[in-house]
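K.L.:
Have a look at this one before I ask anything.
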Amino acid sequence: MNPQAKLIFVTSLLLGTTITISSNHWMTAWAGLEINTLAILPLISKSHHPRAIEAATKYFLTQATASALVLFSSMINAWHTGQWDITQLTHPVSCLILTSALAMKLGLAPFHFWFPEVLQGSPLTTGLLLSTVMKLPPISLLFMTSHSLNPTLLACMAILSTALGGWMGLNQTQIRKVLAFSSISHLGWMTVIITYNPKLTLLNFYMYTLITMAVFLTLNTIKVLKLSTLMTAWTKTPALNAMLLLTMLSLAGLPPLTGFIPKWLIIQELTKQDMISTAMAISLLSLLSLFFYLRLAYCATITLPPHTTNHIKQWHTNKPTNTLIAILVTLSTALLPASPLITINI
């Protein structure tokens, strides 16, 4: 892709995100979402592969439907209350339609079917944008309207997302699809707490973004897309693969690592709200996704390919590891001791 064109698309992406998260009026928020959608489409389809074109088409149709529902919801609310302010969403039908629209934007179950397909058809760098930057505008809208939304509906969608994200990721061999189902599962954790403590949702999103960036950039460095190639990639950069093991376990939320912070705080908050059954359900369902994180970690470092023939080892690269990846991996694994500083503001 032409560098100037890529610069324009990335700038538009940042512009759309900034417009949505800084707006108070529904029309400007909708305009930001539309700019975002149109800016990411060329980045998805830049390889001109049929799978990439299919992914871009699916993404466009889903996002266009969700944006229309956001507009419809805000118009119903304005019709009944005369308010176009995002924080003044009070009409129950508007709240219901908006929840569905933002769930579709995010890829939250039961509107999640498009996300693994789109991520599978995109390059790793675009997949990183789809999993992180593109989730920020809908999450910021959920954050601003969280006091108006139905907590029972959100809790049901969250538990369903965690269950489906873990369950459907078990049988995957394509790493991008595994990461897509991982994203759906994490969205469940973010959604379950948003009506009780919206700051925790944002903390979870920031932590998820940090760890996912480390994973995607590492995979992009070692040029791996499938489990079978991940098994033989350890010879390229052994140190980076060893850190990928820890980053995967952090994404799973295991205790001594950074990913444990949001899960610990969310379970604590749910217990305070007397939602012990919800906390138990979502914790047990996250064990499903732990299985495929462990499988990825195992393939990355611990196992050799189970082939009878001699497998061709890949060349060891002498290129130094990118400084950004080194910083992200360190933050993705070693931030737990700083949790008292993080919890002060929550």
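Each residue, glycine too, has its Cβ placed from N, Cα and C.
When I checked TrEMBL for this same protein, it listed these features:
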- 23-288: domain 'NADH:quinone oxidoreductase/Mrp antiporter transmembrane' (DOMAIN)
- 290-342: domain 'NADH dehydrogenase subunit 2 C-terminal' (DOMAIN)
- 1-23: signal peptide (SIGNAL)
- 59-79: transmembrane segment (TRANSMEM)
- 91-115: transmembrane segment (TRANSMEM)
- 152-171: transmembrane segment (TRANSMEM)
- 178-196: transmembrane segment (TRANSMEM)
- 202-222: transmembrane segment (TRANSMEM)
- 243-267: transmembrane segment (TRANSMEM)
- 279-304: transmembrane segment (TRANSMEM)
- 324-344: transmembrane segment (TRANSMEM)
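On this model, are these features tucked inside or out on the surface, and what's nearby?
P.N.:
Long-range Cβ contacts of the signal peptide (1-23) within its own chain (Cβ-Cβ under 8 Å, at least 6 residues beyond either end) map to 29, 31-40, 42-43, 46, 86, 129, 133, 136-137, 140-141.
Sequence-distant contacts of the transmembrane segment (152-171) (same chain, six or more residues past either end, CB-CB distance under 8 Å): 96, 99, 103, 108-110, 112, 116, 177-178, 181-192, 194-195, 275, 278, 281-282, 285-292.
For the transmembrane segment (178-196), the list of distant contacts is 106-109, 112, 115-116, 119-120, 127, 131, 135, 139, 142-143, 146-147, 149, 151, 154-155, 157-166, 168-169, 172, 204-205, 208, 212, 215-216, 251, 262-263, 266, 269-270, 273, 278, 282, 285-286, 288-289, 292-293, 296: same-chain residues at least six beyond its ends, Cβ to Cβ under 8 Å.
Tertiary neighbourhood of the transmembrane segment (202-222): same-chain residues 124-125, 127-128, 131-132, 135-136, 139, 143, 175, 179, 183, 186, 189-190, 193, 233, 236-237, 240-241, 243-244, 247-248, 250-251, 258-259, 261-262, 265-266, 321-322, 324-325, 328-329, 331-332, 335, 342, 346, selected by CB-CB distance under 8 Å and a gap of 6+ residues from either end.
Sequence-distant contacts of the transmembrane segment (243-267), counting only residues of its own chain at least 6 positions beyond either end whose CB sits under 8 Å from a CB of the stretch, comprise 182, 189, 192-193, 200, 203-204, 207-208, 210-212, 214-215, 218-219, 279, 283, 286, 289-290, 293-294, 296-297, 300-302, 329, 331-336, 339, 342-343, 346.
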K.L.:
With a Cβ cut-off under 8 Å, give me the same-chain residues at least six positions beyond the ends of the transmembrane segment (279-304) that come close to it.
P.N.:
158-159, 162-163, 165-167, 169-170, 172, 175, 178, 181-182, 185, 188-189, 192, 227, 230-231, 233-234, 241-242, 244-245, 248-249, 251-254, 263, 266-267, 270-271, 311
